[in-house]
Amino acid sequence: MDTRDPCKQVVKFDMESDSQDQRTQPTEVNIVEFDVENGHKDLDLNKKYDDDESSSMSSNALNTNIWNRAAIISAGIAIFGILAGTLFLSYGIAASNTSQERSFRLVADETANEFELAAEDYVTAAKWLHQACAYHPINRTDFRDIYEHASFDLTFQTAAWVPRVYNDERAALEDSSLEYYGENYPDVNYRGIVGYEPDENSISGTSVQNRTEQPFYYPVHFIEPVETNTEVIDLDLYSIVRVAVDQALETFLPSATAPFVSSRDPITEITENSILLLHPGIPLSSHPDRKPEDLAALRIQVKDWLQHASRNIPESIAVYIYDITSSETEPIFVIAAEVHKNGTGDLDTNIILLKELTLEELDADNLLYQDSIIRTGSREWKVRAVALDGTFEPVILTVLVASIFILVASVFMALWVFAGMRRNLNMNRLKRDNDAEKAALVLKSAREATKMEQELNDYIAHEVRNPLSAALSALTFVKSEIGEKTSVKTKEITDDIQIVDSSLRFINDLLRSMLDFHRAKSKNMKLQIEPFDLEQDLLLPVRAMIYTRDSDVKIETNCPPGVVLKTDPIRMKQVVLNLCRNAVKFVHKGYVRIGATVENGLVVITVEDSGPGIPVDKRQHLFSKFQESLDALNQGTGIGLCLCRNMVDLLGGDIYLDESFESGIEGCPGARFVINTKLAPMTREEIEQYVNSKDDQVSTSLKFILDDELMASQDIDKDQELPEELSVLFVDDDLVLRKLFSRSVRKVSKTWNIKDASSGEAALELVAEQNFDLIFVDQYMASVEKQLLGTETARALRAKGIKSIICGLSANDVEAGFFSAGADFFMFKPFPCRPEELKQELLRILYTRRKESLAEMSTTSQLEC
């Protein structure tokens, strides 16, 4: 006997199937008991509450404990806040120092890197200067153009071309220079080839004089700018920097001289140094007689080098540079400067030159610094980055404010906790009540989910096992009959193979539909909304997919021309194709008609047939999921119709069965499915606007709507024949596809000359040897080495002047890429293998007006806009 309170009832779950009128035995779940009269819930799953008196006493004791705990916790929070604030202050100061030092190290590393990159820019300019002068004759006017181009983004004092001049060539060179400077620079006192010669009267022991006879010279022959470099015209560098010249020519690497003083301020005692960069060019041969013997030279003021490097330095910093190429001498001072960023975000910086200091003097200042070693040509430099006063200092104020904030926050936290403990008492009571209700709801949801999963597993197990068994049985029969010595009955084997084929196709369609069904049901299916021609892009392709050559069933389409709908074309095609396949499966005579109309300003798509119809008692659950069997209804319902309903709902439309439809054929009532898209067709203005804004991405059929004459030109006479003689090239990396293509084409035209190539490169070689009328090119051709893409191959063919018809092939949507590369047509893989389909496709390619007319139409439209 049930001794429970009659005002309480136990939750019961009814395991009800969605697809069958069967019910499992109700299951009693003693998890949560609801008090219907008083609205209370039992929180304990295994025992009852104590009586009201004991509960009240426990509640008073609990309140007292909460008050005591609140005081203790609040005091603990305040003490913890004081300790945390103190620790944060001490560790924060240390962390701030470390952070600023780390920031400085990063800036110092980036500064050295920028100096090295700036040096590489000068080396690149010298190399380019050499290449421009060495490999073809130039005159002084050409050299000036080269100099102006090289100095566009770089600053240097001198750019020079230094050829190797043998003694027997000296006179001709001096005459040429004398004539040029006499005509163009009359103020220049040209003395011929000069150099540093011994001079007893000079303090240094040498002076610039007319160069004595030598086997060869390296005069500064072409020089820019001439006005500021007259003293070095035809100066023999071999008399000054012989070591640097020999090093560059022997190693074929750029070399640089030691820094030399270019100017000195007597007031500030600040010197400005320069370096001479020599570049031998790029060696084109290892043979000694074939190596270039000339040099390109750049005289660079170190300040200009610093200015070029400092454009990308993120923070203001001091820089000291020393030449440490020679390990036998002390480091040579090159430059010292403060680099100040202007703060505007552009490339300008403020360079302040500093007095010369040795490394020992810098070490004595106890400044924050970092050394880096960089190399330029044959020279090695030490770049010391030094922090400026007022930069990279620890932010103590922020740490102090944060510590005070922690202290204040801890006090407020203690007060908040003290007040919140009382509030939590009531909240916990409500939470315990809600937890019981949530537990019941979670249990119910879990049981429903388990029930749905079980239904799905049972359905798949039933629907997949039957056709799979049929396939295995049929295969067994075939294997058995083939193994017997008696003659094989062709008709029986054909039937068995047909059973295998249809069964396995059913399994494949079922699994694909299951996946789409769950994606649509869970709203995880992504939609690609775009406009498309309802007749050309939907109805006619579906008609081609369900057409069977020897069938007595007519496949008809009925749609006004030029109806453009904006929705997901792939999903809408999937819905219509599913309905048509169901219809074709059970129609044995008559027709399957796919139509579209515009009713009340909205597009309506219909699929009707002359099949046996759908029984009245089955229509109520026609779109329910997991029907008992696809064969249970002559119209072929099941998961497919449920999937159609979900997809149409996802697209914002509605689908239903027209129960008033009659096929007009006696004994065949038929069925008619109606898809109300709830979408209006696009107007001509909307289509034009879309085509003009996305011309490269819009489908060809959509463009055809804008030109009626162009649409008319697409009609191909079904009785038209292919030409008897045609030369065809098929380019694809897959050997099997190439063989299948040749076999398929020879079925429709045995006299065609068909060649194939496995790559774009091979195709280019073939077209150089033979002319082709038609070329098919696949887009992606795999190889261990990089191969030309199909679009690249088409572009290369057009660049060679090939006038053949080019058709791009791909399983991906790369139509726009092929057209922009010069192709005439594009086809989606797989290539049609049925002779009649292949013939129509070849006729379309051969006799349809080329896509150049489309390009011209699109260009004209864009110009008008």
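Just so it is clear, glycine is given a Cβ too, placed from its N, Cα and C backbone atoms.
These come from TrEMBL:
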- 1-27: region 'Disordered' (REGION)
- 1-15: compositional bias 'Basic and acidic residues' (COMPBIAS)
- 70-94: transmembrane segment (TRANSMEM)
- 214-280: domain 'CHASE' (DOMAIN)
- 395-419: transmembrane segment (TRANSMEM)
- 459-681: domain 'Histidine kinase' (DOMAIN)
- 727-844: domain 'Response regulatory' (DOMAIN)
- Asp778: 4-aspartylphosphate (MOD_RES)
For the transmembrane segment (70-94), distant same-chain residues with Cβ under 8 A (at least six beyond the ends): 394, 396, 399-400, 402-404, 406-407, 409-411, 413-415, 417-418, 421-422
Reported mean pLDDT - the domain 'CHASE' (214-280): 88
Cβ-Cβ neighbours of the residue listed as '4-aspartylphosphate' (radius 10 Å): 24
Helix, strand and coil residues within the domain 'Response regulatory' (727-844) as assigned by DSSP: 50 helix, 25 strand, 43 coil
